[in-house]
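Visitor: Sharing a structure with you now.
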Amino acid sequence: MKILADQNMPLVEEFFSDLGEVRRFDGRNLQASTLQAVDALLVRSVTTVNEELLAQAQHLKFVGTATIGIDHVDTAHLAQRNIAFSSAPGCNAIAVAEYVISALYAYTQETGTSLEGRTLGIVGVGNIGKCLQQKLINLGLRLLLCDPVRHEAGTLDEHVDIDSVLAQADIVTFHVPLVKEGRHQTRHLLDAERISKLKDNMLVINASRGDVIDNQALLSALQKGKRLELVLDVWENEPNILTELLPYVRFASVHIAGHTQEGKARGTQMLYQGLCQRLGISVDKSLEDFLPVPALTKCRTEKSLTEHDLGRLVHLVYDIRRDDGLMRANLASHGFDSLRKTYPPRREFSTLSIENMSEHGGLLTSLGFNVIQKNED
Ligand SMILES: NC(=O)C1=CN([C@@H]2O[C@H](COP(=O)(O)OP(=O)(O)OC[C@H]3O[C@@H](n4cnc5c(N)ncnc54)[C@H](O)[C@@H]3O)[C@@H](O)[C@H]2O)C=CC1
Ligand SMILES: O=C(O)C(=O)[C@H](O)COP(=O)(O)O
């Protein structure tokens, strides 16, 4: 079997080489002719998989995307051609939630503010939104949840509509899929009109898809004096983004919110499981066989922790300011895609075991750390 995989997908050889011959491709430059003899195609978000790309793919039996978002794949065309499809729902939900938490603590540290008592709106309460909600639950924030799709399906009672969220919240974070049309369209969910109504200095975080915020309208508002705090991981028209926005953004990054080593590796593992299922063979490899040992594994708290101390623990594992600095220093010389390709290793909070003497064991656990409770004797 011939397997063609994006060059930026980790562990493909480790998971797939028993199943066939693995070759790699550049995700932004895949040609239809390259797919002529391919049986399984493994992509990331940068490859648009549609009728045109698959026109010569006569042998293709399986397409997998190692991502949560599937807006780049024409799934109806795959179904019509009877080509099996797998994505990786939830693979990097923890990573994105931890990106947001790192941003929140970095923001409060830099502005001398506190999270306590603030109102935070989560727009899109799926795998990522729910994971974030769980991690934030003990931080003293008032959480507003917005997900009309789940509300209508009867799986989210406490839904607050988007305009009420924007009117009430001090912080809003977007975790919706990109939906280009229909009643629950998310393209330009934050459009010129809604941007104009946002409170001064509201913190707006987008780690979903760039098109969820009208970037040009955002820039125009900022240039006219609108004051907002922005955390942007995703941008319209990646990789050719509106760089004029950068000076107005507190923390900027190159679409890496989901790029922990665990998150990316889980994506590959889920495609391996999907292909095994398609081939009717048993799964005999697991993630734990391949993940490297993290650089930091243990620390110890001695007594009561302040909000500042919690932020320091979070930033010990992941500080969003590293990624903001890398983007600002290197975007012009290296380009967006190259920065994504060379993204330095990042781990999830659970890789840090905390010997905890404080009364904050529950809070540290809900944030996602591996807590070993110690009692003073
Ligand atoms: N920046 C990054 O690195 C990453 C970005 N993403 C993006 O985040 C998105 C969300 O991921 P998951 O939570 O795993 O997806 P999910 O499908 O589990 O959840 C999305 C939720 O958004 C809701 N939703 C749909 N339309 C909505 C609307 N108009 N208003 C409010 N809620 C709406 C859905 O009902 C669903 O509950 C992905 O589709 C992807 O585009 C995902 C992973 C990494
Ligand atoms: O899972 C998704 O959806 C994402 O946006 C990924 O985390 C980033 O996608 P890639 O471009 O790395 O495939």
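In case you wondered, yes, glycine gets a Cβ from its N, Cα and C as well.
So TrEMBL lists these for the protein:
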type	residues	note
BINDING	Ser45, Thr67	substrate binding site
DOMAIN	108-257	domain 'D-isomer specific 2-hydroxyacid dehydrogenase NAD-binding'
BINDING	Asp147, Ala207, Ser208, Arg209, Asp233, Gly258	NAD(+) binding site
ACT_SITE	Arg209	active site
ACT_SITE	Glu238	active site
ACT_SITE	His255	active site, proton donor
DOMAIN	290-368	domain 'Erythronate-4-phosphate dehydrogenase dimerisation'
Visitor: Using Cβ atoms only, which residues of the same chain lie under 8 Å from Ser208 (NAD(+) binding site) while being at least 6 residues apart in sequence?
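Guide: In sequence order, the residues whose Cβ lies under 8 Å from that of Ser208 (NAD(+) binding site) (at least 6 apart) are Gly69, Gly124, Phe174, His175, Val176, Pro177, Leu178, Thr186, Val234.
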Visitor: Roughly how many Å separate the Cα of Ser45 (substrate binding site) from that of the residue listed as 'active site, proton donor', to the nearest whole number?
Guide: 10
Visitor: Just to be sure I understand the packing, how many Cβ atoms besides its own are within 10 Å of the Cβ of Ala207 (NAD(+) binding site)?
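Guide: Neighbour count, Cβ to Cβ under the 10 Å cut-off: 25.
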Visitor: Given the recorded positions Ser45, Thr67, Asp233, Glu238, Gly258, return the subset with CB under 6 A from an atom of ligand 2, ordered by sequence, or none if empty.
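Guide: By the Cβ criterion, which requires under 6 Å to ligand 2, the hits are Ser45, Thr67, Gly258.
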Visitor: Give the subset of the recorded positions Ser45, Asp147, Glu238 lying near ligand 1, defined as CB under 6 A from any of its atoms.
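Guide: The qualifying recorded positions are Asp147.
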Visitor: Note down the number of other Cβ atoms within 10 Å of the Cβ of His255 (active site, proton donor), including every protein chain shown.
Guide: 23
Visitor: Mean pLDDT for the domain 'D-isomer specific 2-hydroxyacid dehydrogenase NAD-binding' (108-257), rounded to an integer?
Guide: 98
Visitor: Taking each of Thr67, Asp147, Arg209, Asp233, Glu238 in turn, which of these recorded positions have a Cα lying within 10 angstroms of the Cα of the residue listed as 'active site, proton donor'?
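Guide: Passing the 10 Å Cα cut: Arg209, Asp233, Glu238.
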Visitor: Just name the winner among Asp233, Glu238 (the recorded positions) by count of other CB atoms within 10 A of its CB.
Guide: Asp233
Visitor: Among Asp147, Ala207, Ser208, Arg209, Asp233, Gly258, listed as contacts of NAD(+), what is the widest Cα spread in Å, to the nearest whole number?
Guide: 21
Visitor: Could you state the CA-to-CA distance between Ala207 (NAD(+) binding site) and Glu238 (active site) to the nearest Å?
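Guide: Between the Cα atoms of Ala207 (NAD(+) binding site) and Glu238 (active site), the distance comes to 13 Å.
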